[in-house]
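**Student:** Dumping the structure here so I can ask a few things about it.
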Amino acid sequence: MDLGIPDLLDAWLEPPEDIFSTGSVLELGLHCPPPEVPVTRLQEQGLQGWKSGGDHGCGLQESEPEDFLKLFIDPNEVYRSEASPGNDSGTSEDPCRPDSPPAPRATSSPTLYEVVYEAGALERMQGETGPTVGLISIQLDQWSPAFMVPDSCMVSELPFDAHAHILPRAGTLAPVPCTTLLPCQTLFLTDEEKRLLGQEGVSLPSHLPLTKAEERVLKKVRRKIRNKQSAQDSRRRKKEYIDGLESRVAACSAQNQELQKKVQELERHNISLVAQLRQLQTLIAQTSNKAAQTSTCVLILLFSLALIILPSFSPFQGRPEAGPEDYQPHGVTSRNILTHKDITENLETQVVESRLREPPEAKDANDSTRTLLEKMGGKPRPSGRIGTVLHADEM
């Protein structure tokens with residue numbers, strides 16, 4: 001092998017296109033886009049023998065696993081023999097000069113790059129000969145081609161405990177943990193999530209990222225937890241509401257009992273008041289009957305006394321009696337034809353009135369006049385007005 005040709009060395013060190021395909025990267029758990037690998041003419045010549053073997057994951061035939069592993073060259077030996085720090089090809093510009101001193105090596109901690117590939121095609125071939133190996137580790141010390149693996153999928157410096165997985169020769173198979181490949185975020189799960197995942201029979205890794213199925217399971221579990229929490233909250237609110245209603249009912253029932261007691265007391269008081277009222281009504285009825293009888297007797301007595309006493313007081317006694325000198329004749333307002341009977345009646349009435357008005361001496365004179373008239377064979381004639389009436393009749 002001529003190591004002086006840098007392009008051929010690059011072509012040999014360049015993996016096939018479908019090594020870092022999307023499926024291989026997803027199987028490794030590396031959620032990063034596959035790098036675009038530029039294919040040159042010499043790379044096509046170097047990979048022509050690989051691609052002609054078959055359509056497996058690495059482009060290998062089932063009978064050529066050893067030849068595939070021999071194609072990888074340890075870059076540490078190449079850089080250790082003759083390599084300049086500024087040259088990316090891994091060889092010096094003048095490989096024919098054996099007298100050139102080797103380039104001084106850096107005193108800093110060695111930088112190691114590992115490319116991990118899941119060789120699924122090799123599992124079937126190595127099933128009978130030995131244990132199956134799922135990962136291939138290739139050490140690329142101090143050689144960082146940008147077209148192979150992006151920066152997010154590479155580890156610039158390995159920890160000290162990672163040197164235990166580094167084998168002295170390239171192409172050897174060694175299991176490399178995922179923590180040494182890229183910095184992963186830790187997945188924190190609560191006790192409830194762990195319990196539900198255990199019930200589902202699913203065990204999630206402790207680091208992100210997760211696969212689609214694992215994400216679906218985790219979302220389902222968290223949705224169950226949220227539904228459970230919301231149901232618990234609703235039950236708690238319902239219980240608080242019911243407790244509040246029960247407390248209000250208890251308070252209302254206690255107040256109702258107190259009011260019932262007050263109502264009973266008021267009813268008893270009302271009954272006593274009604275009994276007292278009836279007693280008063282009976283007493284008033286008895287006293288009212290007695291008073292009515294007494295008052296009736298008093299009124300009858302007073303009325304009888306009034307009937308006895310009032311006739312003795314005549315209202316005509318205070319008036320002076322009219323004498324004959326006080327009499328004045330009046331003119332006749334109308335001419336009437338009077339019969340003898342009417343004349344006598346009128347005369348009698350006038351005589352009675354005159355006698356009542358005349359003093360006692362005049363009464364004696366009237367009596368003598370009456371007797372005189374009776375002796376003459378006729379009724380006594382009134383004086384004054386009576387003579388005027390008779391004179392009018394005669395006319």
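Quick reminder: no glycine exception, Cβ is built from N, Cα and C everywhere.
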**Student:** Out of ASN87, ASN366, report back the residue that Swiss-Prot marks as N-linked glycosylation site.
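**Tutor:** Of the listed residues, Swiss-Prot records N-linked glycosylation site for ASN366.
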**Student:** Write down the single range among 171-192, 259-280, 303-324 that appears in Swiss-Prot as region 'Leucine-zipper'.
**Tutor:** 259-280
**Student:** Per-residue pLDDT averaged over the topological domain 'Cytoplasmic' (1-295) comes to what?
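**Tutor:** Across the residues of the topological domain 'Cytoplasmic' (1-295) the model's pLDDT averages 63 on the 0 to 100 scale.
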**Student:** Using DSSP, what's the helix, strand and coil tally for the region 'Basic motif' (219-248)?
**Tutor:** 30 helix, 0 strand, 0 coil
**Student:** When DSSP states are grouped into helix, strand and coil, how many residues of the region 'Leucine-zipper' (259-280) land in each?
**Tutor:** 22 helix, 0 strand, 0 coil
